[in-house]
Amino acid sequence: MTKFIFVTGGVVSSLGKGITAASLGRLLKDRGLKVTIQKFDPYLNVDPGTMSPYQHGEVFVTDDGAETDLDLGHYERFIDINLNKYSNVTAGKVYSHVLKKERRGDYLGGTVQVIPHITNEIKERLLLAGESTNADVVITEIGGTTGDIESLPFIEAIRQIRSDLGRENVMYVHCTLLPYIKAAGEMKTKPTQHSVKELRGLGIQPDLIVVRTEYEMTQDLKDKIALFCDINKESVIECRDASSLYEIPLQLSAQDMDDIVIKRLDLDAKYETQLDEWQYLLDTVNSLDGTITIGLVGKYVSLQDAYLSVVESLKHAGYPLKKDVVVKWIDSGEVNDNNVEDYLKDVDGILVPGGFGFRASEGKIAAIKYARENNVPYFGICLGMQLATVEFARNVLGLEGAHSAELNPSTPYPIIDLLPEQKDIEDLGGTLRLGLYPCKIKENTLAHQIYDAVNIEERHRHRYEFNNEFREQLEANGMVFSGTSPDGRLVEMVEIPENDFYIACQFHPEFLSRPNRPQPIFKSFVEAAYKHQNK
């Protein structure tokens, strides 16, 4: 029987519910349990795919092509699992599906209501997360804060699921804040008490309370929270502010959180707590010596969460070198051919990540040109690959006005264009090439050296492709098409052997990097940047 753990939050947002859920997932996985994890988002968008990065941050893509919340990236990296489309459920997706059923007549003319129709749809998606993965445990984070109007159907659904499945199969974890009042010189439990009171008013009694705090809690404070919130003293878990996110699983384990959960749900743990690998990772992070600077040239740099997985992947790649990879954030809207050297002269490597739209594209092209001409290690992702071919066409082939048809529909040289089957599609949502696709790598190339394989799979999120009408011209002038779809039709990777390190890919390798297992291209790129630094 699959067990379900629900993680809610109170008092304020940004308490770290996602990191708490991911850390618990890691602890349970290390005890030999099969874990999956899920995020409920109360917003009415069907998914974040068409939301502005300034609103939402990064869109994280799963193997099966779901466009999801960036928290799923934390989940995958912490627990080291690959999630699926059932791991991110939005209110928009739930309501949309219920309304489609109503239009089809599935409800036989009945009145469609939040209870039971919306709550039943939510519960169905809860169960699908477990069924689709055959998990021992499903951990579900409820977005928002207890008492938010938009979260109420989700709270009601997880209340009902306890009766549906039995108390022994369901557990509630509530994250709260323990603020420190400087004038009084003490921490206050009242916000936690009121948050739990609000949750209990909605029919949920938490089994565990995870308290976010700046300072170490006294036993008296824990006892007080336990008394007023009606839980066991050992079920009050302190989560202190940490210099590294990787400390959190160790903090929770030190307070036996995994043991409490295993006992409460009667789980069959195969191993005792074993966090040696995680401790080694944390020791590595805390002993980094020296830095490697990567210039990230993008249009959304004012909200760094827009590139969260890219930055995490760069950090992962620095760990084997015992180096801290520092990102220099460069707004491509500010860059041009005249000032590009001012922005990039002190970086060890240049990365142009994915993106959409014409704005600030010329600044990215200027950065790519600088990298190519000055032999600075270059790594392009998605749009960063597309613009690499555009820059090469303009400045090596001399095709003046060459561009992507997405960014300039009237370009005389559409180096990047839509596939014929995409040209009649008008909707933006869910119409990209999404998810895990195979790539065939050409032997005796940098790509082959990096992966040490001919056949790989990586995650994608794009609509436009390299236009094969220009492939021969670019190849004749020194660009190598080192990765393609298995049928050779779609370009997946390009490189310039003349440079020390110049590679770009159509896919998004950042979605498969792990703290203890850096993604191969990122690892090679950071190594090349380190060599460049020491030239």
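Cβ coordinates come from backbone N, Cα and C, glycine included.
If you take every residue in the region 'Amidoligase domain' (1-267) and average the pLDDT, you get 94. Residues annotated as region 'Amidoligase domain' in Swiss-Prot: 1-267.
Long-range Cβ contacts of Ser13 (CTP binding site) within its own chain (separation 6+, distance under 8 Å): Gly144, Thr145. Residues or ranges marked as CTP binding site in Swiss-Prot (evidence: sequence analysis): Ser13, Asp148, Ile149, Glu150, Lys188, Thr189, Lys190, Pro191, Thr192, Gln193, Lys224.
Summarising the annotation, Swiss-Prot assigns UTP binding site to Ser13, Lys188, Thr189, Lys190, Pro191, Thr192, Gln193, Lys224. Using a 10 Å radius centred on the Cβ of Thr192 (CTP binding site) and all shown protein chains, the other Cβ atoms total 27.
The ATP binding site annotation in Swiss-Prot covers Ser14, Leu15, Gly16, Lys17, Gly18, Ile19, Asp71, Arg240, Asp241, Ala242. Long-range Cβ contacts of Asp71 (ATP binding site) within its own chain (separation 6+, distance under 8 Å): Gly18, Ala22, Lys39, Phe60, Glu141.
The annotation L-glutamine binding site is assigned in Swiss-Prot to Tyr54, Gly355, Leu383, Gly384, Met385, Gln386, Glu406, Arg463. According to its DSSP assignment, Gln386 (L-glutamine binding site) is helical.
Glu141 (Mg(2+) binding site) carries a strand DSSP state (E or B). Residues annotated as Mg(2+) binding site in Swiss-Prot: Asp71, Glu141.
Residues or ranges marked as domain 'Glutamine amidotransferase type-1' by Swiss-Prot: 293-535.
Just so you know, the Cβ of Cys382 (active site, nucleophile) picks up 23 other Cβ atoms within 10 Å once every protein chain is counted. Here Swiss-Prot flags Cys382 as active site, nucleophile, drawing on sequence analysis.
As annotated by Swiss-Prot, active site applies to His508 (among others). Under DSSP, His508 (active site) is assigned to coil, being neither helix nor strand in the three-state scheme. With a 10 A radius on its CB, His508 (active site) counts 24 other CB atoms from all the protein chains.
Summarising the annotation, Swiss-Prot assigns active site to Glu510 (among others) and lists sequence analysis as the type of evidence. In sequence order, Ser309, Val310, Glu312, Ser313, Ile381, Gln519, Phe522 make up the list of same-chain residues 6 or more apart from Glu510 (active site) whose Cβ falls under 8 Å from its Cβ.
The least crowded of the binding-site residues Lys188, Lys190, Lys224, Arg463, judged by other CB atoms within 10 A of its own CB, is Lys190. Checking each of the binding-site residues Pro191, Gln193, Asp241 against Arg463 (L-glutamine binding site) by C-alpha distance, the shortest gap belongs to Asp241. Thr189 (UTP binding site) falls outside any helix or strand according to DSSP and counts as coil. A 10 Å radius around the C-alpha of Thr189 (UTP binding site) takes in these binding-site residues out of Lys224, Leu383, Gln386, in sequence order: Lys224.
When the Cα atoms are compared, Gln193 (UTP binding site) and Glu406 (L-glutamine binding site) turn out to be 53 Å apart. Calculated from their C-alpha atoms, the gap between His508 (active site) and Cys382 (active site, nucleophile) amounts to 7 Å. Least packed by the Cβ count within 10 Å, out of the binding-site residues Ser14, Gln386, is Ser14.
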